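Chemist: Okay, handing you the structure first.
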Amino acid sequence: MDKKEILKEFSADPDKYYNVKLFQEQGFIRKSCAKCGRFFWTLNADRDLCPDDGLDTYSFIGEPPTSKRFDYTQSWKQVEEFFVKNNHTSVSRYPVVCRWRDDLYFTIASVVDFQRVMGSKVVFEFPANPLVVPQTCLRFKDLENVGVTGRHFSSFCMIGQHSVPDLGGYWKDECVDLDYRLLTEQFGINKDEVVFVEDVWAGGGSFGPSLEYFVQGLELGNAVFTEFQGELGKHTTLDQRVIDMGAGLERFAWITMGTPTAYDCCFGPINEKLFGTIGIDSDSEILRKYFTEIAKEIDHYDDLNQVRRLAVKNAGITDEQMQKMITPLEGMYLIADHLRTLIFAITDGALPSNVGGGYNLRMMLRRINATISKLNLKLNIDDLIDLHVDYLKDTYPELDEKRDDVKSILKLESARYEESKVHMKKKADKIKEKGAPSVDELITYYESDGITPEYLKEVDAISEIPSSFYSKLSDLHQSDKKKAIAELPLEGLPETETLFYQDDPMEFSAKVLKVIDDMIVLDRTSFYARGGGQEPDFGSIAGFKVINVDKHADIIVHQLEGGVPKEGETVSCKVDETRRSNITKNHTSTHIINASSRKVLGSWIWQHSAFKDDDHARLDITHHSSLSNDEVQKIEDEANDMIKKNYPVKINYYDRGTAEQKYGFRIYQGGVVPVKSVRIVSIEDKDIEACGGTHVKKTGDIELIKITKTKRIQDGVVRLEFVSGPNAFEYEKQQEQESKRKAEEAVAKEQLEKQREENKSKAREKIPVLLEKVLAGEDVESDGINTKGKLCFTASSDYDDYFHQNFGKKLVGKDSTAAFCGVFEAGPTIRVMVFSGEQSGVNAGEIAKKIASILGGSGGGDAKFAQGGGKDTSKKDEAISKAKSMILG
């Protein structure tokens, strides 16, 4: 939908779309900007330019237009106080990790809190009406601007003011009146300073008019009136109209404080710490001039570097001032911003990694580390985390609860970054030789090798960071796209009655509603369909084998083998009870292991994915490192302790909003639940999840859980494979048998080694006797030595390194026509040793090199003595045969 076309139509009828009661009562005048043509509403009859192009743009820097001064946290208290006083419910922020939307990794706007996906539609579910929320939002498209422009953040607090007029809320008149009074009454801004600009919003098939409100060129908020759906000209009014007013809390603080940048009034005491580190006074005329120029020009140019050059020129900044003041200050702001974002994200369960949304988090931490390194700063990240959390904890108490988790994860990630620097340096040198990389190549270097463009710039591999780098990277890793499932001709069929959610009979009768090749649809079924990582039930229908069961929307489809019944026929159905029981135990075990992992490892543990079949199951969890044997044992012990305590496994249904408010968003371990009524499976307070799977009645029904294997399957994800119930007992039995077998093998091996050592000791004593026999031409084959005249070969396991050296050396020392070659095992290596007398005609070096090469190794020496070896034990027989033929002929 073309926003310009919508705006053109709406602006042609301002009384219908924009002219609210406040404008009439206060005497606002509608004007068209003399420069860009945009329509705006103002009380200043002399104003001819819109806020973007006005002469007063960013004039509040150094001279705030408010009668009161509030920093970041104080500004929220003022906003909250105003809206609560005006009959709004203040709602706590939602997580920045968007668990309730499968198309987003992070919460990008306050209205996202209340959006739920139902089929192909996005619906709104508000916990109160009207409400206000201090929603922390994460956006990564403008990372290159953070710290530089004075107003760009990677995370920011969107003040969400939301109302549904048709359900007891209010509409345009009240909304604009409230926002105007918030500015003028609560913050003491002169009413002549407030300007409203006409705009529109469109997305997700819906659209509506909006009014952006500005003070001295700074956009403080945007009131969106989501009212229509469909295409322009053919649109209809939504059943549920919604007010979506989003305002920037950081900007409210900035307008009241008038600091050179928004960063100066939003990070609290962390700024004092950082400014003290670099010895710069942030409240200086130079900084005010520079950042005012940046703010004025940033929206008029695509190239940030060009904006900076222009700001330097207009503010009269020297190269020395740029180097000693501006650049370090930009670094300080970047550190403060990125660290705050990481604190929120990790608190809410995200991990820095090289997959999904974790890309952006790792990128920010590496930017922090690179900035600290570049500026040669002595900073303790833990101290900075404490400063952030202590400043924010009154507004966001959850940050205080997770501060230690944040510290440990960032410490681990920073250590990995340091370890990777040697590799990064080698890669950077190659990049430098190759020439300036493209944006796509820079993205590849980061994704494949973890090399940030800041690092490449620091080591002079690139001269500038492309302004589009972070926006392109963000586009790749901001949302999760789901694959479409195959469709079947199921039109007109009713929803399948799900008996497995009722009495769950293992035998039942049902009517065949439709036959599609080897698949049938019944009017009701007890066969659980594949879903939520749980494999389907098997069994029989009308005597035919059920080999698969899938769910398509609300219709369950059964795939049969050997034939199908006729449409309209009533058939007897039987579920494989043993298979169902095993899968059910594995599913509840998955919940138990998830809870156990979280208790043992940390609060950042979330289910990444899961699979439950009848003979095995697996759970992939979000974790930063491979698991140690001790951690695995602790998780297994904790899981079996939950089984021993025989907790009841309760299933209850809640309205989705009620479930979220009651239990939080940790219920979405298995992903988004696209239904209004949510099925909650709870094991006391240990694990509470929204889940559609089959479960045991009590944890004791599982009897036993055994973790069979763990591995780190990708960065930030660890897989635990396990069995439960009868399969666990069978596994335990097999492990005991295997342990017994290994113990017996160890004893046998020990005895064999002991026997070999005894034989080797005896062999050493026999050296003089064997020498006499060989020199006398006697047969020594019974002693494991083959001879041809005075030429000898052995591959007997009774002879060790000592024997070969002494026997061979003494043999050729006594007879110059003699030669000796031995092949023997020495640990994991097979060795060859060759001695040859001067008149033997044997070249020791040639034999040793040849045999060693067969064994995949190398040999060395001269014609009289040589040795070598290799580790390819599969070639042992070939090596022995070749050595024997080379010396004996």
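Every residue gets a Cβ built from N, Cα and C, even glycine.
Here the structure is a predicted model, which means the values were calculated and not measured.
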Chemist: Any idea which of 386-409, 626-649, 794-817, 866-889 is down as region 'Disordered' in Swiss-Prot?
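Modeler: Of the candidate stretches, Swiss-Prot labels 866-889 as region 'Disordered'.
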Chemist: For the region 'Disordered' (734-760), what are the same-chain contacts with Cβ under 8 Å, counting residues 6+ beyond its ends?
Modeler: 706, 797-800, 802-803
Chemist: If I restrict to non-local contacts, at least six residues apart, and a C-beta distance under 8 angstroms, what lies near HIS695 (Zn(2+) binding site) in its own chain?
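Modeler: Same-chain residues close to HIS695 (Zn(2+) binding site) (Cβ under 8 Å, separated by 6 or more) are THR584, HIS587, THR588, HIS591, VAL649, ILE651, VAL681.
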Chemist: So which of the binding-site residues is most packed in, judged by how many other Cβ atoms lie within 10 Å of its Cβ, out of HIS587, HIS591?
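Modeler: Most Cβ neighbours within 10 Å: HIS591.
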Chemist: Tell me the residue counts in helix, strand and coil for the compositional bias 'Basic and acidic residues' (872-881), as DSSP assigns them.
Modeler: 9 helix, 0 strand, 1 coil
Chemist: Taking only same-chain residues 6+ apart in sequence, whose CB is under 8 Å from that of CYS691 (Zn(2+) binding site), what do you get?
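Modeler: GLY532, HIS587, HIS591, GLN669, GLY670, ARG679, ILE680, VAL681 - these are the non-local Cβ neighbours of CYS691 (Zn(2+) binding site), listed in sequence order.
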Chemist: Give me the DSSP three-state residue breakdown of the region 'Disordered' (734-760), ordered helix, strand, coil.
Modeler: 27 helix, 0 strand, 0 coil
